[in-house]
Every structure is written in C-alpha cells, then in structure tokens.
Amino acid sequence: MGHRRLSIIDLAQGQQPMTDSSGNWIVFNGEIYNFLELRTELIGLGQALYTHSDTEVILAAYREWGAESLKRFNGMFAFALWDEAAQRLFIARDRVGKKPFYYALDPDFMVYGSEIKSLMTVPELAKGAEVDLESLYDYLSVGYILEPKSILKNLKKLPAAHFGFYDPKTGTLDIKPYWDLKDQYQKAHWHKTTAQLQEELLALFEDSVKIRLRADVPLGGFLSGGLDSSSVFIMMDRLGIRQKTAFCIGFEQSSFDESLFAAQVAQKVGAQITYGLYQEPGRAQMAKLVWQMDEPFADNSSLPSLQLTGLARKGVTVALSGDGADELLAGYPTYQADRYYQAYAQVPGALQGLFKKAAGLLKPSYQKLSFDYKLKKFLGAGGLSAPMAHYHWRSLFEPQDLSQLLRPEVQAQIWDYRTQDRFQDYYNQVGHWDQLDQHLYVDMRTWLVDDILFKVDRMSMANSLEVRSPFMDYRFIEFCFNLPPHQKQQGKNQKRLLRSSMAPYLPESAVTRPKKGFSTPKLEQGSLKPVESEFFQSHFALDPAQEDVTYKAYNLTILNIWLTMFERFKKTGKWEPVEIPN
C-alpha cells in the first residue's frame, strides 16, 4: 500500500497508509463528510479512536459493521482496506463514482490504484498493456469510456456504488453493489405540494452544503452566475459563512462568457470573487492535459476546468461546485429536445427526410451550441426510438462514421459491439418509469460518472485541489429521484423545483437565464484526421465547411495525443506527456 496525501482533515495525524489495533490497514482517497457524527456514534459503541481523521473512522466503522458500514458513509471515496483477521482485501467506491478506482486481476496478484500511470509501473501490467477496442469504440462514439472498462484491456474500474473482497489465497475478487439508483425510485414525493417540496429541498441542500464545509484548510467555491453554483453560495450565506471566496473563468467570446452574471451573484451574497481569463492551450499544455487524464477523454470543458482549478488552488485547498444538478433535475437542453421529439416522431418519415436534407444546407456558424448545430443534431435523430434519440443528442461519431474511420480488421474484432447497446440496456432496466426519469437514470449511470465526475476529479487533482459537490449528496439524489417529473421539467422551465426554491434569494438573471454550460470556443489546432495507426483508415478526414466539427475534431485531437503517448510508453516504458504537431 502506498499513498500521496492532499491533507484536508486532521493535518498532523491523518497520514496513510493507516493501521489500527486489529492489524487492519487502509489507503483512502476522498472525504467522509459525516465522519464527526459517525465518530461520536462509534465511540458510544465502544470503539477507540485516537485521531480526528475520517480515515480512522472508516477503519473503526469496518470493525463495527463490516461491509455494511458503506451504507452509513456520506462522501466521496475509493479505498482499499486489508482485513488482517480474514486475510482478504476489502475495496469500495462511493455511490456516484466521484473518486476513481482502477485495478488489474492476475491469477497470482491484484494491483489497484487511482491512476493508470501508477499501475503501469508494474512490469507485468506494462508488458501486457494494449488498447481495448470496445473502449476505443465508446470513446469515439460518446467521448468517454463506460465503466467498468478502461482504455486498456488488462485494467478495469470498480463501478460506482460497488465493493469487493479479494482473496489472495484463491486469487478471486467478488464484486457486489451496496446501493442501486433504481431502488431509490419510489415516487415518495409525488403527492406533496410545491411548498412542501421547496421546504424539504432547502433544508436538505443546506445540510448537504454544511457538512461539505468541514475542512482544516482554506475553502471556497466555483461561481459562474448560473443557478447551480449560485445555489451553493446562497446556502453558504444562509449558514452564516462570512468569508466566501469565489472563482470564475471568463471568455473573450461573448457567447461563452458568464463572468458578469457571476459578479451579480457575488455581490448578492457578499463573496470575494477572483477572475481568470481562459487561455487557449498550446501543444505542451494539451500533452500535459492528456497525461493527467490517463485515458482519452473528449469533453472540451476539461480545458477551462483545469484553468479554473488552477486559479482556485492559488487561494484555497477545497472548492465547492454545482456539478450534478442538471442530471438530477433535467437541466440540459437535451431534455427539452426529448420533449419536442415526442411530437416530431409523429411526422411522416419522408417529410423528416426532407427537413434533414434542408438542414444540411446550413453552413456551420461555430457559435456555442448554435441553432444550426442543434437543428442538425435534432433532425438527425429522425426515426429513432426516444431512448436512442436521447443517446444521439450527445453522440459524436455515428456508426456510419466509424465504419469509414476504423480499419476493416478492427471492425471485424468488435463486429457485434455498439456503444448505444450499453445505453439501451440501462433503459431496459427502467422501461416502466416516466420517460424523463428514464433519461435521467441513464445519464446518471453513464454521462455523470464517466464524463462529468471523471473530469472534475482529474482536473482538480491535477492542481491538488479537492472539489466537493453538494448536489451529489446521496440523500439529495434520493430526494430528487422521488420527485414527480413536473417538478423537474414543465414546459420550458427546467430544474423547476430548484429554480422556484432559490428564486427568493438569487438575482433574477441566475433564475431565468438559460443554461450555458462550460465548454470552450473552437480549438484552433483541432485535428481533422486521426493519427496514423493500426486502428484507422488513412483516407478519413472531417470537413469543417459542411458541419460543425468542434467536438469531433477535439475528440480526434485528444485521441491522437493519447495514442502517441501510449506508443511511446510501449517503446520506452515511460508514461510521459508527448507533444504532437498541429
């Protein structure tokens, strides 16, 4: 066991690996936000605790409750705990997958860690490392890799909300879930009035923010001026936090910039705000970004996220964010598209074809989520089922694109694999739910864990900053999954209950302004062709005059850098950043 610590709680006594009187050992990444309450309860049950570290609370909770202790933890975590009495390894990951857990299982050993680059120092793993073609297909299709796979065949991810026991005597790893999002869908709040739900939401969210303010180091938050991040600062203000430190990244291009709105909220809550201006990265910065991600990852909001966390780290060690509210309460434009699609699906197919052809004549404007981009995406879903239309809104390379991009021999090896089938499997699990709730469930199982939370963790840890997300409190998640659909989306009103609950406390702009998101302008050095390799056909190229290639070009840019880095690693044994030409 080894550990590199970012000290947040009990700076003097929280060193790891940590042991206890039973001879158990633990390495732990994350925070248990309710550790004070658990510590008091455990002492009352006769457990001896000697530090004020949440790491020691995990050890004591395991002694008292075993694997059932996971259900009591409110936090973000990935840990491995050696059970000396049972002579086995206990591993676990938090409910929504905020913290990473990679592992490799061999007949003779198990290796685990937070990053691929650390595991690739194990000679046996490095020697057998090769690209997983299904993961490559995922990446090209949606821009990220679906758990439990990783980009490498011999490495897996422990899924969110799962734990496992590894027995070194038999070489077996038994993995099970300890929390299932499907079980939270009980319609418990469908009969309640809006006033009742507003009261419950405010109380629950306030407590979620409160327990995430626990730290022995400076703390602040990200502020865009939108509903989600502004709600976090409203709660900090309600809790009486006098020194509120906010951080915001602005853009020169007006369709991307939100700094003026952030200033309005900061003034409202009395926060001191620090601004940074987004700088387009050069080749060296892009190489470092891909190295920090470990895997190909095509969400271009990683770039401003990295700069934002770097800005924040100059002033604080912990930052609160508004991540997760859109997935819980239907905040994305894609959920509006789903609603419109219900009517559009009734249009005759021949007419849909004409609309699609006409939209193809529009030249790309390269504005942020421009009308022409959204229209082409929407009409491109014609003829699909509601679940597959929702998948289409966020897809990048379609199957017909991939048939032109991937070499025939690569396609032959994964001829029966399609990323959309993984999404359809999740839809099938909840096919009896309301349609909106189905989309939210699938996005929580895919987009949230493998894109949003992946990005937040990698980009914050790259700058030694801990980011805490109050909307990802499991109690708040369960509350939202029991809301009736109209409290999430009604007409054009998205995140309806959150919006109405926060309206009395926020500037009007934060409540009524449409969601902008946090993506970047067109990357000037984006790749239009894949790098020469065993995977791709040489004739494939994007045409920026015919379609907005921003997201596809970024996808290829990241992949080209990663494949170059990986090929260098295979030759030299060094996992290092590698620059490639424009």
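Yeah, the Cβs are placed from backbone N, Cα and C, and that goes for glycine too.
Predicted automatically and left uncurated, TrEMBL annotations should be read as such.
Lifted from TrEMBL, the feature list:
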- 1-169: domain 'Glutamine amidotransferase type-2' (DOMAIN)
- Asp54: L-glutamine binding site (BINDING)
- Ile249, Ser321, Gly322: ATP binding site (BINDING)
- Asp323: site 'Important for beta-aspartyl-AMP intermediate formation' (SITE)
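Overlay of TrEMBL feature records on the structure.
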residue : record                   : DSSP (3 states)
Asp54   : L-glutamine binding site : helix
Ile249  : ATP binding site         : strand
Ser321  : ATP binding site         : coil
Nonlocal neighbours by CB distance (under 8 Å) for Gly322 (ATP binding site), same chain, sequence gap 6 or more: Phe222, Ser224, Gly226, Leu227, Asp228, Ser229, Ser230, Ser231, Val232, Ser469, Phe471
Rounded distance in angstrom between the Cα atoms of Asp54 (L-glutamine binding site) and Ser321 (ATP binding site): 21
Neighbour count (Cβ, 10 Å) for the residue listed as 'L-glutamine binding site': 25
Densest Cβ neighbourhood among Ile249, Ser321, Asp323 (recorded positions), 10 Å radius: Ile249
Asp323 (site 'Important for beta-aspartyl-AMP intermediate formation') to Ile249 (ATP binding site) - Cα separation in whole Å: 16
